[in-house]
Amino acid sequence: MTLFRRIAASLALAGLASAQAEITLDQISPKNGPFPVIPLLGFGTWELPNSRVGSEAVANAIVTGFRHFDCAQAYSNQKAVATGLKDGLQRAGLKRQDIWVTTKIWSTRHGSKIPSGLDQNLQELGLDYIDLVLMHFPIGSATGKAEYDYVAVRMLPPVRDHQTWKEMEKLVAGGKVRHIGISNFNIQQLSELLGNATIKPFTHQNELHPYLQQKSFVEFHKKNNVTLTAYAPLGNTNSAYRQRASRTGAPGKMLADPVLGEIGKARGCSPAQVALKWNMRRGVVVHPKAANKDHQKENFEAYKCPLTAEDDAKIAAIDKKYRFWNPCKMLLQLECFMGLDGYP
C-alpha cells in the first residue's frame, strides 16, 4: 500500500476521509490577490474596540500574515477596522486586492434595504468592493427601531429569506461584491434557500469547535459544496461566550481540556493551535480574534501544527455538542438553530 493510500485509510477510519493532511502557507496567507478561494485562516474582529487599539490590532494582523478579515455592521467597529486595514496594507507593502474582507448585513437591512446595507458597509470600511457579504441572521426587522435593537427583529418565513437572497444576488451583478453567503442558518433553512437560489451561498458561517463539532452539519455542506467558516473556533474565550458557558451543566473552558493539552504537548503546539488546525483539516475556515501580538502570531502559526489522524480521532471523542453562543435564544427569545447540535 502506498503512503498516500495509508494516510487516506487512516483518515477514513477517523471519519475524516476528506480532511486535509497538510495545510500550506499559501492556503492561509496567499499572495497576489484577488483570491479565487477564501483563505483558510482569518482574523476575527468581533469585540475589537472601535478605537486606535482596534485599528492597531488589525494593522498588526496584516503584518503578521493574516490576509482574511471577518467584519460586520453589527460589531460597531468597522471604522476602526478600516483604519487598521489601510495602515496594515501600507506597512506590509500590499494593495487592497491582497486581502480578503468579509462583512455582514444586519437584520434591519433585509429585503429591499439590502443595497443600503451594502453601501453602509462600504462607507464604514472605506472600500469600493467587498470580497464576501453575508446575511448575518435568517431574521429581519419587525419595526423601524434603532439599527441594532435586538427587540426589533423576528424570524423570517422562508419566502422572505428568499426575497432577501435575491436582493443579495443582485449585489454580485452590481460589481461591488465578489461573493455572497449566509450565517446562522440551520439545515432546513439552507436547503430551502438552495432550492430557490440562482447563486449558491459561497460560505456559511456558524459556531464550530471541538466542543461543537456538528459532524452531520459539516458533511451536509461538503455534499452541497458550500464552504463552512467557524466563529468561536477557540470555544468560550470571550465574555459573550463565557456568559453562556457559566450556566449550570456547561462544560469548562475548552482550551483547558486535557485532550487538547496532551495533543499540543506531543506535537509542540498550544491548545489553541490544536483547535484551529483541527478545524482547518476538516476544510473549515477559522477566524479567531486576538488583539495581543503574541496571540496573533500563535494563531497564525496554527497551520504548522502537525496533527495526525490519531489526534483527530481523540478530538472527535471530546465533542460536547455544546453551543457557547446563541444570541437568538439569549437576546431575542427566538429559535435559530433548530435541528442542529447544541440546540437550544
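Any Cβ shown, glycine's included, is placed from N, Cα and C.
Since we're looking at a predicted model, the values are computed, not measured.
What TrEMBL lists as active site, proton donor is TYR75. Counted within 10 Å of its Cβ, the other Cβ atoms near TYR75 (active site, proton donor) come to 22, all protein chains included.
Sequence-distant contacts (6 or more apart, same chain, Cβ under 8 Å) of HIS136 (substrate binding site) comprise ALA72, GLN73, ALA74, LYS104, ILE105, TRP106, SER107, SER183, ASN184. The substrate binding site annotation in TrEMBL covers HIS136.
When pLDDT is averaged over the domain 'NADP-dependent oxidoreductase' (41-319), the result is 91. Summarising the annotation, TrEMBL assigns domain 'NADP-dependent oxidoreductase' to 41-319.
Residues or ranges marked as signal peptide in TrEMBL: 1-19.
Feature annotation from TrEMBL assigns site 'Lowers pKa of active site Tyr' to LYS104. Of all Cβ atoms in the protein chains displayed, 25 besides its own lie within 10 Å of the Cβ of LYS104 (site 'Lowers pKa of active site Tyr'). In the three-state DSSP classification, LYS104 (site 'Lowers pKa of active site Tyr') falls within a strand.
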